[in-house]
């Protein structure tokens, strides 16, 4: 369990870390007398301590400020330099993710892009509140093992008697998909992976080279890949499921504040059908690639429904605290879905003159966890601040940095320059550009975190849409969805790192299973965005 806990605490800090240490690849050779040259040792220490990576950001910023000329628009030039600084620190992991994400707080005022107060306000708004509250709820669910109880209940139903591998795989992936809809996909992957590997631990890892051993090995790959990809797909369907969707909402309201906002219910109305189609494609792909008619026979010697029920019985009946956490969580879901319904049925937010947001109720329900008694000891509440030590502040700061960068693009005038440079694309067919935008974002996201990719790509796509005269969401939504299609490499997302770290899968397995999913995602988005998306987001209206 310790490796998984470390991944939870570091989150996407690990995403950009090289698969092999750089200093191992560049290890200095020895001289004839067996001693290492001093110069090589110094180089190794330099690389090992990431001093070059740390210097890359300031050097890139200085180079841009010294050579780029935007016709006297110094703020736009400085903004481009600061963007290079921050992005290089993100992708090289020169400093911790949270530290790199705080860089705009001192860089923007220092380079004359925005005042200290203006940039600081980007780090806390309703969207950030939504993320912060959902993280607290996720910690409560994890603390009381609610996710494990749910997983064991569903898996025991789908196991079959005798064992039906495809049905069992559907149960594990379906549980992960559902949980990831309501909490961030990274903690979902971290919580569900021990459940999945707990089932796989019943199987021998080194059982010789027989046919049964190969079937078990292939099924183990399917389970781990299923958890990784189902967490990513489930997170795509709601605003709380991933930081990418939150960044999209924040940038949409920043760039186009007069337009209809993207709410929890409107995004889910559009993204849930995409998620269901992709989930079915995932399950079908895993069954075709990793399950055969002999898999059930191979698994039956080590797994049956009684094993799962025995584990479930060890958890005992649901305690009062678990029931209350579920009640709070269920109430929050209802509040999310009913805040804003339709133009004819406005939802409960109308009672407060529209001044409340999804973050408002999320923080409210999270606060209740610190008030409601747990029923265990006198005075003990469902949550206390000690249980919140593992809050993902790095993700919160990353989102704040993304919003600050979006504001910086506008305040510095860099958006106007980008708009002028993209004018040659005016008249290009929008339906052809949308899948290209998704593919463009989907390629970048394989090499850096999905949140960082979204932060970089969405401002460009917003200006591109303005330049060619199409509704911005026709490009911004594909950019956000594409950033979540990081299925091919471990570096693509923290969830990929979690799965790769189990040792059950290889990069080849991820490429083979992930490529069909990536293609499916782009195809489904290309079809549903101009049809269902136009209806949900009102993309037929002028911006």
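Using N, Cα and C of the backbone, Cβ positions are placed for all residues, glycine too.
Where the annotation comes from TrEMBL, it is an automatic prediction and has not been curated.
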Choose the correct range: of 33-50, 51-68, 69-86, which one does TrEMBL annotate as transmembrane segment? Give that range. 51-68
May I ask you to indicate which of 87-106, 107-126, 127-146, 147-166 is given in TrEMBL as transmembrane segment? 127-146
Of 456-481, 482-507, which span is tagged transmembrane segment by TrEMBL? 456-481
Of 183-203, 519-539, which span is tagged transmembrane segment by TrEMBL? 519-539
What residues in the same chain, six or more past the boundaries of the transmembrane segment (267-291), come closer than 8 Å to it by Cβ-Cβ distance? 165-166, 169-170, 173-174, 177, 181, 218-219, 221-222, 225-226, 229-230, 233-234, 236-239, 245, 249, 337, 477, 481, 512-513, 516-517, 520-521, 524-525, 528, 532-533, 536-537
Which of 51-68, 127-146, 356-372, 519-539 contacts the transmembrane segment (393-412) most, counting Cβ pairs under 8 Å: 127-146
Please give the sequence-distant neighbours of the transmembrane segment (312-336): residues at least 6 beyond its ends with Cβ less than 8 Å from one of its Cβ atoms. 137, 140-141, 144-146, 148-149, 152-153, 156, 182, 240, 264-265, 348, 358, 361-362, 365, 368-369, 372, 374-376, 382
Let me check one thing: do the transmembrane segment (356-372) and the transmembrane segment (51-68) come into contact, meaning three or more Cβ pairs under 8 Å with sequence separation of at least 6? no
